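Presented below is the structure to which this report refers.
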Amino acid sequence: MSWGSELWDQFDNLEKHTQWGIEFVEKYTKFVKERSEIETNYAKQIRNLSKKYQPKKNSREDEESKYSFCRAFLTTLNELNDYAGQHEVIAENLTSQIIAELSRYLQDIKTERKMHFHDGRKAQQHIESSWKQLESCKRRFERDCKEADRAQQYFEKMDADINVTKADVEKARQQAQMRHQMASDSKGDYSSYLQKFNQEQNDHYYTIIPNIFQKLQDMEEKRIERIGVCMKTFADVDRQVLPIVGKCLDGMTKAAESIEPKDDSKQVVESYKSGFEPPGEVEFEDYGQAMKRTASDTSLTNSREGKEKPVSKSKGKLWPFIKNKNKLMSLLTSPHQPPPAPPASSPPSPSAVPNDPQSPNQHKEPLSHRLNDFMASKPKMHCLRSLRRGLSLKLGSGPEDFSHLPPEQRRKKLQGKIDDLNKDIQKDMDQRDALTKMKDVYVKNPQMGDPASVDPRLLEIGQNIEKLQLEVQKFEGWLAEVEERMPSKSDTQRRSGIFETQNNTTVSNNCAQDRESPDGSYTEEQNSETQVIKVNTHPVPTSSTPEFDDEFDDEETLPTIGTCKALYPFEGHNEGTISVAEGELLYVIEEDKGDGWTRVRRNGEEEGYVPTSYVEVFLETNAKDS
């Protein structure tokens, strides 16, 4: 159906309808623009979310990457980032394929519509003007006819009157003829213009207006078709990214399926295995029996040579079950950083305990000889002090040889360091070989380059290789030391057999086992006084007694194992340290465990750690022997 033939008289309604169609295109364009903004904001939020949960660039990231669930989560974050990118593609395609196109089309359709309605209004104005002229001719013809009738009537009246002169009658006759002639002329003009108007009106309603309305109809149909194409594009933009979105989701699913709980459990063992053996059983301490103290090394020797009576074993409470948690946490505080270097070079300190004859690498004493040492020292407090030192070293930045780590972790760190150094050496060696070949080419073909220009670089690489090889030797020495100190399976079986077969001797020091603390250093301490206790031979109940909790709750003062003299002043700003003045004399209550710190006491009250290199230590004889 054609608008020109069916809606020839609906010019105003068509104008309103086409204007509403343009407003609809503007509304749809605004809708797509808001959808594009939503996609852009959604993609931005997804990217920020992915970035927020990305692992930080620190050492923790390397540890997390060992676990399959952490790797899967990282893969999910990366796939989510790609997923956000697809939403950005949607926003870009909506903007370029719909919004930009509709914006240009709106300008064109507005211009076209304005032109068509301008032509329609011009045609309307022309037909209205013709109609007005026709009406004017009609009124003039009507007026002339009336004037002619009146002139004829006046002539006839004058002609019938006998009193009127012949000249007046003739004048009236001529006037009547003139009016009739004017009426005849007006009739001819009216008739001719009427024919012209009818022709123009026929052209207006059957040719001009139908053509204009047909163009408006074509414009409207094109507008509707363009809206349909844009709506289809709106869906296709989403459909185009579905394959990539599907790949992102498949990547997330594959990452989730790659999680291996068993492997992660094994990785926990690899990450935290210390290499130590579990502590032995804690011996029941019968405080009802009288204690016999010895005041000299002779009594200590006699007590060791004497034969102790067998003691029944009972499982006591370990340090994690202390009631007073605040006191435990106070014991676990020590300097979290390696000690500072001394102001100037100083002679080796006598406190170099690792070089002492009684180092952990030496053969262990018989278990029967260690009974009195165990009873003389405070095993529980000693255990807490050793653990505190190990924790403090782990919290701080460790030394170069990783001595602050347990044996197993230290071995892995050293091996990893050696592997990295070997890679660097191999890289430098490859570079040196390439430069050597280049130099040979220059020697054979001097026009290609000067062979001497390569020598400085070769010298630099050679020196770097030598430095790296020295580093490898240093770390291999530390690695060999750790592997020698680590207990093997045969040692473990032999040691367990000793505990099972020697019923006449029981050792209850679970913290000083194998003379190594959890930080891998030599931790067992000995007081200047040695105590000998008579152990009750009768079996005792395995249930814990209040005396155990009381001893854990109240920390006793550590014994003095020697003295020291400050070689340099130390301010002691860190927590757990103590400030000393140059030349000050202090009591040593805990020797260096290999971390570079020595624990001292001033005036029997104030205690803290000082760098071992800042003091000169004088240990008592029996303390050194222990």
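From the backbone N, Cα and C atoms, a Cβ is placed for every residue, glycine too.
Remember, predicted model here, so these are calculated numbers, not experimental data.
Copied over from TrEMBL:
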type	residues	note
COMPBIAS	336-351	compositional bias 'Pro residues'
COMPBIAS	362-372	compositional bias 'Basic and acidic residues'
COMPBIAS	416-430	compositional bias 'Basic and acidic residues'
COMPBIAS	499-512	compositional bias 'Polar residues'
DOMAIN	1-264	domain 'F-BAR'
DOMAIN	404-481	domain 'REM-1'
DOMAIN	559-620	domain 'SH3'
REGION	294-318	region 'Disordered'
REGION	331-377	region 'Disordered'
REGION	394-430	region 'Disordered'
REGION	499-530	region 'Disordered'
Could you tell me what the rest of the chain brings near the compositional bias 'Basic and acidic residues' (416-430), counting residues at least six beyond its ends with Cβ under 8 Å?
461, 464-465, 468-469, 471-472, 475-476, 479
For the domain 'REM-1' (404-481), the mean pLDDT of the predicted model
87
By DSSP, how many residues in the compositional bias 'Basic and acidic residues' (416-430) are helix, how many strand, and how many coil?
15 helix, 0 strand, 0 coil
